[in-house]
Every structure is written in C-alpha cells, then in structure tokens.
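*Asks:* Structure in structure tokens, see below.
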Amino acid sequence: MATFSQRVFSGVQPTGNLHLGNYLGAIQRFVELQERYECIYCVVDLHAITVPQKPAELTRQIREVTAAFLAAGIDPRRHIVFNQSQVSAHAELAWVFNCVARMGWLNRMTQFKEKAGKDRENASVGLFTYPDLMAADILVYRATHVPVGDDQKQHLELTRDIAQKFNNDYRESIEANGFGEAYFPLPEALIQGPARRVMSLRDGSRKMSKSDPSDYSRINLTDSADAIAQKVRKAKTDPLPLPSEEAGLADRPEADNLVGIYAALAGRTKAEVLAEFGGAQFSAFKSALVDLSVARLGPIGAEMRRLMADEAYIDSVLVDGANRARAIAEQTMKDVKDILGFIRAR
Ligand code: TYM
C-alpha cells in the first residue's frame, strides 16, 4: 500500500449566512484538528457561482467566511487559509476529474437533485459537475482527512471513487513515473461528534440551512445575544421533559437536536448532557442553552465584526494562504500531467 502524509482539507461556501450547523458540523472541528494535522481550509468561491451570485455580495461573503475561520481560532500562519479561485489548479484538476467520473455517478448525487429542484434543465452545468470540483479541491493537495457535516458524506464517497478510478486507470503510468502503485490517497471523511447534522430550530426533520426562508430556523454566527435568545426560546419542542438517557431521544427529533447542539457547544456527549438535564422541562434547558450559546458564539461574532472592518488584513491572509496552497497544488498538476502523458516545460 502506498503511504501518504496526513493532511486535512475542507471548504466552506461563501453563500449567505454562516450558521450554527456550519460552525458545529465543520468550523469548530477545523479548529480542533489544527493540533494534530497540517490543515488547509478553503473558502470555495468557485463552488458559489454554480448558482447566481451578486459580485459585491460574494466579495463580502468571502471575507465573512474568512473572518469566521479566524474568529473561531484557525491560525493562518501555522496552517493555510485561502479562497479557491486564487489557485487555478482546482479548476484544472476538476477538468481531469470530469473525464474520470461517470455520468451515472453524478446522476446519483442527492444534493444536485435537491438544489436543482424540479427545473433541472435550467440548472447550471457547474451545479451538476460540482462534486468533481470538490474532489479536485481535496485531491489537488492529496489530503487524507476531510472534516465535514453529514450532508457531504456522499460527495466524499464520490471523491474516493474518483481517486480510485484514476489510480486504477493510470496505474502503469503512475508506476512508470515513480509514484508507486497509487497517486491519490482515498481521503477519509471525518464526520464526528454530536452535531454532525444540526437540524432546523423550526422543524426537527429538516437540516439547518442557509437557504431556509425562515431566519428563526437557524442561529447565525453574527446574531446578537438577543436574537440568539429569541430563536432558542421559540425553537420547536415537544411537551415531555428531557429523558435521562440517549435512547429516550429516539422519535423526538427536536429534543435530540437541542441536546446535540448543547453537547457540541459544551464539548460533551449527549449522554453527559442528559445525565445533567434528564427530567428537566424545556424551559429550564432552553435557558441553559441560551446562556451557553451566547457565551460561545458572542465572542466569535464580535471578533468577526472586528475583522470584517479590516478588509486589507483579511485579503492579505487569503493572498498569503493562496501562495502557499498554490505551491502544493502546482506540484500535483505537474505530476498529473506526467501521468496523463501531456507535454510540459521542464
Ligand atoms: P457548505 O458550505 O454547504 O457547508 C460548510 C460545512 O458545514 C457543514 N454543514 C453542516 N453540518 C452540520 N449540520 C448542518 N445543518 C450543516 N450545514 C452545513 C457542511 O457539511 C460542510 O462541512 N460542498 C461543500 C463545500 C466544499 C468542500 C470541499 C468541503 C467544497 N469543496 C472540499 C470539503 C472538502 C459545501 O457546500 O459545504
């Protein structure tokens, strides 16, 4: 088996409000992984334009996601933080993967079906091939670990399929070029913790999402303490007190969601939270959840606002990160071109 050095890659789209699901399912976990891995965190602006964007708004949102990364505690000097469009190798490798992935594989992607909705004829081609670009994001750094929320699981499986097919189809050339028996690692999705799928505060059967028309369905990272308190107090619940054990959360999606949020914010398991709050009414539990949410998210929101006021600093972080990312990605593209049999300057 070929061995690959351990590297984390993940991305967040700069499309609309960053919410608690993005934070607990992804960004908070990006921060933890910094201690154990070399990490690359990307604001995926090329992905954003698969659906219409207003240019000035997109610029602002690229800075906002960057500010969220930094405010949450990602260190852009020890690790890499950048926006995708500054490293053209992402788009270049995505083209190669468009030629590796099969139509049938992409036809099975549930996120495309959800996002394209009924009017599939009118969806952009980019929205359809989006998972190939995502595979390129990860594999252009030959990353081995990818922290994401549960909704990205299918895309990660596709990434592994693409890596595997490339390694198989070009095996002879990979060996002939001295890369051993496999060029790309099969990256592992890190989908962990009590908040891998944070649900809407209004409906425990739906994912918390940027596109939900109701702002009460989600807590945004930039919400004020008052807004957080109101949204938690209005969150849908059921009439029963909280159970004392996790099994008691089955068939109680709203209770399960709030307990999961509390656990993730507190760095505890759901079982530990229920050991403390089992038997409590929601009114008491919600008060504790408001306090915890405000204590955890308040400083992040404040730091995001401070950073957002310093555009030059944010942009300099992205340019510096992109320069370091490009050096890695360009080497991969040279290797891939050699493996494919293209001619290039030496
Ligand atoms: P995006 O921008 O929709 O979401 C960013 C991250 O937040 C996670 N997430 C959630 N986690 C838990 N509960 C939720 N309700 C919730 N909503 C969102 C997502 O799983 C994701 O980890 N395709 C990706 C971006 C991407 C990417 C990549 C990720 C592009 N290239 C390469 C990893 C590696 C996306 O649209 O995420």
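Glycine is no exception: its Cβ is also placed from the backbone N, Cα and C atoms.
What you are looking at is a predicted structure, and each value in this text was computed from that prediction instead of being measured.
For reference, TrEMBL lists these features for the protein:
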| type | residues | note |
| --- | --- | --- |
| BINDING | Gln13, Pro14, Thr15, Gly21, Asn22, Gly149, Asp150, Asp151, Val198, Lys207, Met208, Ser209, Lys210, Ser211 | ATP binding site |
| MOTIF | 14-22 | motif ''HIGH' region' |
| BINDING | Asp137 | L-tryptophan binding site |
| MOTIF | 207-211 | motif ''KMSKS' region' |
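Map the listed features onto the structure and describe their local environment.
*Replies:* Sequence-distant neighbours of Gln13 (ATP binding site) (same chain, six or more apart, CB under 8 Å from its CB) are Val43, Val44, His47, Ala48, Val65, listed in sequence order.
Listed as Cβ neighbours of the motif ''HIGH' region' (14-22) (distance under 8 Å, sequence separation of 6 or more from its ends, same chain) are residues 43-45, 48, 51, 53, 58, 61-62, 64-65, 68, 83, 149, 195, 197-198, 207-211, 218-222, 261, 293, 297.
According to DSSP, Asp137 (L-tryptophan binding site) sits within a helical segment. Long-range Cβ contacts of Asp137 (L-tryptophan binding site) within its own chain (separation 6+, distance under 8 Å): Phe9, Gly11, Cys42, Val44, Gln84, His90.
As a summary of secondary structure, the motif ''KMSKS' region' (207-211) carries 0 helix, 1 strand, 4 coil according to DSSP.
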*Asks:* By a Cβ-Cβ criterion of under 8 Å, what residues six or more beyond either terminus of the motif ''KMSKS' region' (207-211) are in contact with it?
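*Replies:* That would be 15-21, 151, 197-201, 217-218.
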*Asks:* Rank the binding-site residues Thr15, Asn22 by the number of other Cβ atoms within 10 Å of each Cβ, and give the residue at the low end.
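*Replies:* So among Thr15, Asn22, the binding-site residues given, the one with the fewest Cβ atoms within 10 Å is Thr15.
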*Asks:* Among Gln13, Thr15, Asn22, Asp137, Met208, Lys210, please name the binding-site residues whose Cβ is nearer than 6 Å to ligand 1.
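*Replies:* Going through Gln13, Thr15, Asn22, Asp137, Met208, Lys210 in sequence order, those close to ligand 1 turn out to be Gln13, Asn22, Asp137, Met208.
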*Asks:* Report the largest Cα to Cα distance, in Å and rounded to a whole number, among the residues Gln13, Pro14, Thr15, Gly21, Asn22, Gly149, Asp150, Asp151, Val198, Lys207, Met208, Ser209, Lys210, Ser211 that the record lists as binding ATP.
*Replies:* 19
